[in-house]
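Here's what TrEMBL has on this protein:
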ACT_SITE  Asp425  active site, 4-aspartylphosphate intermediate
BINDING   Asp425, Lys426, Thr427, Glu557, Phe604, Lys627, Arg661, Thr742, Gly743, Asp744, Arg852, Lys858, Asn881, Asp882  ATP binding site
COMPBIAS  1205-1219  compositional bias 'Polar residues'
DOMAIN    43-110  domain 'P-type ATPase N-terminal'
DOMAIN    904-1150  domain 'P-type ATPase C-terminal'
TRANSMEM  86-104  transmembrane segment
TRANSMEM  110-126  transmembrane segment
TRANSMEM  305-327  transmembrane segment
TRANSMEM  357-379  transmembrane segment
TRANSMEM  939-959  transmembrane segment
TRANSMEM  971-988  transmembrane segment
TRANSMEM  1014-1036  transmembrane segment
TRANSMEM  1048-1066  transmembrane segment
TRANSMEM  1078-1101  transmembrane segment
TRANSMEM  1121-1140  transmembrane segment
Amino acid sequence: MAKGRIRAKIRRSGLYTFCVRPQEKHAQEETSLPEGPGFSRIVHCNQPDVHRRKPYRYRANNISTTKYNVLTFIPKGLFEQFRRAANIYFLLAAILSVTSVSPFGSVSMIAPLAIVVGLTMAKEGVEDWRRFMQDMEINNRKVTVHKGDGVFEQFVWQEVVVGDVVKVHKDEFFPADLLLLSSSYEDGICYVETMNLDGETNLKIKRAQEVTLPLDDDAAFKDFQGMIKCEDPNPSLYTFVGNLEYDRQVYPIDPTQVLLRDSKLRNTTYVYGVVIFTGHDSKVMQNATESPSKRSRIEKKMDQIIYILFSVLVLISLISSVGFSIMTKNELPNWWYLRAPDPQGLYDPNNPILSGLFHLVTALILYGYLIPISLYVSIEFVKFLQAYFIDNDINMYHEESGTPARARTSNLNEELGQVDTILSDKTGTLTCNQMDFLKCSIAGVAYGTRPSEVELAAVKQMAAELEGKDPDIPSAGQKSEVELETVITAKDEKDHKHAVKFFGFEDARLLNGNWFKEPNLEVLLLYFRILAVCQSAIPELNEATGLYSYEAESPDENAFLAAAREFGFEFIKRTQSAVIIRERYPNYSEPVEREYKILTLLEFTSKRKRMSVIVRDEDGQILLLCKGADSIIFDRLAKHGKTYLEATTSHLNEYGENGLRTLALAYKKLEEAEYNAWNNEFQKAKSSIGSDRDANLERLSELMEKDLTLVGATAIEDKLQEGVPGCIDKLAQAGLKLWVLTGDKMETAINIGFSCSLLRQGMKQICISTAQMEESANDSKEKWLLYTDQAIKENVLLQITNGSQMIKFEKDPNAAFALIIDGKGLTYALEDDMKFQFLSLAVECASVICCRVSPKQKALVTRLVKEGTGRTTLAIGDGANDVGMIQEADIGVGISGCEGMQAVMASDFAVAQFRFLERLLLVHGHWCYKRIAHMICYFFYKNIVFGLTLFYFEILAAFSGQTIYDDWYSLSFNVVLTSLPVISLGVFEQDVSSDFPALYQQGPRNLFFDWTRILGWMGNGLYTSLVVFFLTIAIFDSHAFRPSGQVADMYVMGTIMFTCIIWAVNCQITLTMSHFTWIQHVLVWGSIAMWYVFITIYGALPLDISGNVYQQFVEILAPATIYWTTTVLVTVLCVGPYFIHMAIQRALNPLDHHIIQEIKYYRKDVEDQTMWHREQSKARTKTKVGFSARVEAKMRQLKTRIQKKQSGSTFPSPASLKS
């Protein structure tokens, strides 16, 4: 069976889990379904033609996750584009541009809109095409389907219909939701991996109805027919209600007989199944939800700026309209050459109000350049390139798994630079989700000498930090202490490296058969056998090495089986009725294979928190072997079974302090009659159908799992991921707060907090829990009755209030507080009348750890932090239970770890390990924020410059609606001549590296996109527009500048102004940039050169195309010296104030990054290392968490001790330095 290749010929067994095979029913009424909506589906088995026509025609098996299709792409895409207010404005302007009120030609208005909308829709189309190709890849997978007459052929998934009988082979995905009919095993069981559904890597056991077991080969389906009546499509993955009508009998169907789409067949050669739900009716697709729409804070503020500019646009348009009405009434009759009124009534002295209204429309179009039409598409293009750099950052590539970082959406790049609070899962996120069996307690004796990583890491890093760093500490004493610590650490590292995966245990008393010499040998045997037998794993023999590996339900189980093997009890085979253990007993050198018959298996669930197996050994003795959470097991111990309780409890507390995960092991001997009586009741409960079925099963399991005898406990280490403590330290130095939300018990979470340096010795812990009340209530029922829900709630509120008071009255400025709350306490703390008090306490604490939290509570805590603080939140996790938290946060980061891809699929960004979060935020996030902020401010600046010069000319031209610029100038301004430099700013700009984490706070403080800076840029745009317009007018008005004496006409003046604008805005962007490469130089100076190329080529076109600018540059402007000197003068005056502001700021009030840039420019980072390290230390936010804070606390403690010692006194021992 090792690899599922050979059909197992064994008798049918009693190896059934909590949902055992139902017994056959002969009475219809016993298995009838609820009537009414929700239970109307009828499936005709092996009759797919029935389901190709009404009324039994159900949804097809193809899936589509695309946003558009061929028919809806254009209408739906246009609808999405014109949901933006700015695009609606430009659409109306484009429509009006074909009328006589438009100051521009229709091409200059329609072309930019078409380009912007077209490019954005093309981007949407490309992204949707990728989704379509992914869908097609799935829809075109192959599966073997019964064609008829016992013949099976391959079809693609999308051709499968309800009622089809399909044959799925090992390691293939199920194409639809199926009812399992039979498998390659005679008892009809199969093993299924549901990682794509729930994120769990463990295998689930599924089993067919006994009545369908004879359908075990292709020919058996020639005449097969049946009918399934079941529930309608719904998203519940763990329930199923239905009946199978076959051979004139009715059989109930339960979830253990249903194979869900997108789960995978493992360790089973093949299975047969009949299709129940297809396509979007399948449970996995019913669970598919669209990710919530997320917008960054910068994007939301950008909308506010556009509203402001639109208000300015309306204001100056109204001014123009009123001015035009006045001029039309008072001055137009004197201008006889205009022949007023015109035939269209656009200017009529007799009706100036109507003329003003017409001009209002003209002005709204004319000044439309105040609102940058190309801003949206430029930002999307920039974000796309930023996401490309994130995807291809070699420093975030995980070589071991071959996994790069992934920006799954580019909409939130700049939000990465504004994060205030990180909410993190623990297992698989901070830890590896790889367990090592490290210590154990058997018969009240503690075994295992190898220290955990928590202990080793603290000692090692402390030694490194202390060595030669503080001149105030006597060097001799310091050296002696550090040497001792280093020796301990080095010795530990050298001695404790282990080659056996999942097994880090070291203790000569139990290894190599030495346990034979230990007292309580019988208890030791029981302990090892519980490890080997009480499990649901599947062994696989590696023929090359001869070693067994295990497909286990959890990493913990792998560690237990590895430990059992190393102790001499190797699990080598599983049948449907037994497990085979190769035991090195009674002679360690001569292993013996022993069979343990599995009678009943009670599976582990998060509610039960325990697992039990009832077995019969070779001597005929029936045993219940149980493992589970210590609190659960201890409550079920018999009076005579508590012999080792006190010692085991002490060991469990010690293991918890060392950051280890613990379970308790117990057993119970059963008499034959006792078991048979219980089993009869259990079988009846399992084969029943009804609302009380689960309650009966739970009651019967409770009845069996009591009066246990304690054997011992296990302690396994959930290792921290590489680089986690260092990453947390850097994030803390950057001013970020980290909350840990975990399902682990409080003791384990606290220990992981210590190992990550979120907690440290001396930090004051505020623990909020209902455990104390529950323990007190357990002493008597009378007390419990007094503890009502309201009383518990008031107790939690009191604990929160006391914690707040403790912080308020703390006088030590270096004091640090940690808030630790359990799931039950959190239930009350999140209620509406208490949640803000809880949040107020939490934000005052240096670190927050929430234990025993459910997935829903993770999402609720995230929402509370997001809405309560108003700051940007980031949630990071790796499992299906983290999806709610990831979707609720402003930014969701998924870790592509051991728990499937559910978290990644729901995330905005994906990384392989937690440590990459440092670079994602402190480098990419910081840069993206500054780039986007500078880019948007500059975009509005340049459009204000261009748009206001049109308004000034309107005043000069009596509000006539005449534009000073050629239509093609206006068209090329945003699309060609100024677009590339701003894109280079958004993609390539850098300030400093991640060596200065405190600079990250520029983002959360919104230093570069607050209203002061935005209004400053707008003011700069106003100033530049005034200089460009009025200085150019002053120089060229009434002055001859050509050899023949001509003055500049309107079109020449427009070209001169436009030249000055191009120079001014492009020089302005060079002053904004801090980091130059050849790309920026090419794009900035190339854009200026492109302008001259453009006006040369445009002026050379035939007269009917170039119009008033025909040969203008070559014959008029280029030969005129004043044209070139004016360009230089206007440009210098435009950028001069910004340059002076920068010089004064850098000299008198520099920002942090200004200082660092200057140090680097003068190479002080190379030549003066002392100053460089001093600046690096300054560029760290003072924090009370992280390893740096732990070291500082230790240093303060050490200095205090040294100051108190007299000469000749001894130093504290290395053990006292451990954190």
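Heads up, the Cβ atoms here are built off N, Cα and C, so glycines get one too.
Just so you know, TrEMBL annotations are computer predictions that nobody has curated.
Beyond the transmembrane segment (86-104), the same-chain residues lying 6 or more positions past its ends with a Cβ under 8 Å from any Cβ of the stretch are 110, 112-113, 116-117, 306, 310, 344, 346, 358-359, 361-362, 364-366, 368, 371, 373, 375-376, 961-963, 967, 970.
Counting only same-chain residues 6+ beyond the ends of the transmembrane segment (939-959), those with a CB under 8 A from a CB of the stretch are 305, 309, 313, 316, 320-321, 323-324, 327, 331, 359, 363, 366-372, 375, 378, 965, 973-974, 978, 982, 1014, 1017-1018, 1020-1022, 1024-1026, 1028-1030, 1033, 1057, 1061, 1064-1065, 1068. Taking every recorded stretch in 305-327, 1014-1036, 1048-1066, 1078-1101 and counting its Cβ pairs under 8 Å to the transmembrane segment (971-988), the highest total belongs to 1078-1101.
When DSSP labels each residue, the domain 'P-type ATPase N-terminal' (43-110) comes out as 31 helix, 3 strand, 34 coil, counted as helix, strand and coil in that order. Contact between the transmembrane segment (1121-1140) and the transmembrane segment (357-379) does not hold: fewer than three of their C-beta pairs are under 8 Å, each pair 6 or more apart in sequence. Between the transmembrane segment (1048-1066) and the stretches 305-327, 357-379, 1014-1036, 1078-1101, it is 1014-1036 that has the most C-beta pairs under 8 angstroms. Shown in sequence order, Thr742, Gly743, Asp744, Lys745, Met746, Asp822, Gly823, Lys824 are the residues of the chain, 6+ apart in sequence, with a C-beta less than 8 angstroms from the C-beta of Arg852 (ATP binding site). Within its own chain, the residue listed as 'active site, 4-aspartylphosphate intermediate' has Val740, Leu741, Thr742, Lys858, Ile876, Gly877, Asp878, Gly879, Asn881, Asp882, Met885 as residues 6 or more apart in sequence whose C-beta sits under 8 angstroms from its own. Confidence over the domain 'P-type ATPase N-terminal' (43-110), given as mean pLDDT on the 0 to 100 scale, stands at 82.
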